[in-house]
Amino acid sequence: MHGRHQHASPDENNPAETAEELPFLFRTHYWLLTRKCQLGGHFYRVLEHNGQGVLLQFQPDSVLCLYQNQDHYAVLGLGHIRYKATQRQIKAAHKAMVLKHHPDKRKAAGEPIKEGDNDYFTCITKAYEMLSDPVKRRAFNSVDPTFDNSVPSKSEAKDSFFETFSPVFERNSRWSNKKNVPKLGDMNSSFEDVDAFYSFWYNFDSWREFSYLDEEEKEKAECRDERKWIEKQNRATRAQRKKEEMNRIRTLVDNAYSCDPRIKKFKEEEKAKKEAEKKAKAEAKRKEQEAKEKQRQAELEAARLAKEKEEEEVRQQALLAKKEKDIQKKAIKKERQKLRNSCKTWNHFSDNEAERLKMMEEVEKLCDRLELARLQCLNEILTSSTKEGGKAALEKQIEEINEQIRKEKEEAEARMRQASKNAEKSTGGGGSSSRNWPEDDLQLLIKAVNLFPAGTNSRWEVIANYMNIHSSSGVKRTAKDVIGKAKSLQKLDPHQKDDINRKAFDKFRKEHGVVPQADTATPSERFEGPCTDFTPWTTEEQKLLEQALKTYPVNTPERWEKIAEAVPGRTKKDCMKRYKELVEMVKAKKAAQEQVLNASRARK
């Protein structure tokens, strides 16, 4: 086959022609299945070798073939079933072709055999040899010349996606190593089926290989180095063709995926699903917020109702307590007036004017100090007994009250002495001016602290200057001395403070000559109620008074009666007196501040 072969003589009706006259017609190594070359009534093919063509003669209407490049299925007459043909069908087709084209059969049939006519029988033998071997047949099937390798474009599948791509995937599925290749499906396919289809084809495992198209045969190599070179060249060529094949499959899948109307539908459904989930989530969040807000409003309403109920209970209790207090106040006022009238009936148990005045003071002291039960008991004795018995009972109560007052005074003085000692210890080393604090200076300090409350500019300097101006001791106080003594006074209990205030009032009364006037008239109005001069105003009462002063301005009718009602436990006179004291304190405060400012300016 590789040398120059002798060919049959041309037909006598045609001029003689040689192979050298036809080289331009057959310069190829590939099968020409549809193109035939006729010369002198015979069909020929040319095997190119060393730049020269060799003619081989075949029977009329026979298939052109070249051993390596021939269509083996067409040679055996199996072109209609091709790779689907079974081994039994291949064997039967080979037997039929041998019986028809074997040279002995042709001679027996009387057909003239010319030299070279048996080459077609050789092609049959080569075809059977190739197709009966599974490995060689698989290699030939991989490069089946009838297989359509084309890939539809996106524009081709625009209006007929399934009709365009379904047969393409169907014919390419023959290259899959895996069985049960998924189908393309239709518009009704589920998302899982579509996803499985594209997952399969994007990970397509192809058995197709291209060893059949090797241009060089290593068996023809003359040495080992040449054989290695041939193998290297063949491997590189196969890898390149395999890469091109996988790119072709990937392009096919990409085009199908981009044109698949189901993918668009699934994306729209997924988008709609996400939107629905987003709306549902927002709706759930809104409902949750509404529920929380509703619960919060319910809790606030419940708290408000509970607070209103509690306030109502407190108000009712306060009203009840006020009623009880008013009843008790009226009762004690009645008993006090009864005691005064009883003593007045007996002419205060004395004919001497001085003794009567002293007895009146003692009776007022009893009215101020005795509680309701003891007043009632004393009034019953005075009512039911004689003058002497009533006088004895009255004097007994006076002695008890005086003894009680004396003990309280001694206890207060003892507490004052102890507090002074403690203050001296806590402020030890501060100089004689910090230890020498007479009672007058202590009372002045308490008055100044109340006069200049917290928040006053340079408060302790102002208080020290106020004391240096008004103090009768002549001791100059610094801000440090005033702060130290004020801290020590804060540690005193309320009784000690009350004693200091009471002493200050007694001193004020003596200095201003406030003493009862001796006359035979009925007791003045100040004896009809409890004396509140010694009862200090609490912080709560002060706040109530200030609020009442704001609530009821100057032009309000019966202003002071309403203010007194707003301050439980205080009378109209108490409120008016406290108001005057506050006005004086404010004036004194302003004056002291002006003095401090003037002194600081003078120093500058």
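Cβ coordinates are placed from backbone N, Cα and C, and glycine is handled just like the others.
Remember, TrEMBL labels are computer predictions, not curated facts.
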Fill in the blank from the handout: Per TrEMBL, the region 'Disordered' among 101-122, 277-298 spans residues 277-298
Practice task
Within the domain 'SANT' (532-587) only, compute the mean pLDDT.
Solution key: 84
Completion exercise
Checked against DSSP, the composition of the domain 'HTH myb-type' (536-587) is 37 helix, 0 strand, 15 coil
Fill in the blank from the handout: Its residues classified by DSSP, the domain 'J' (71-144) shows 51 helix, 0 strand, 23 coil
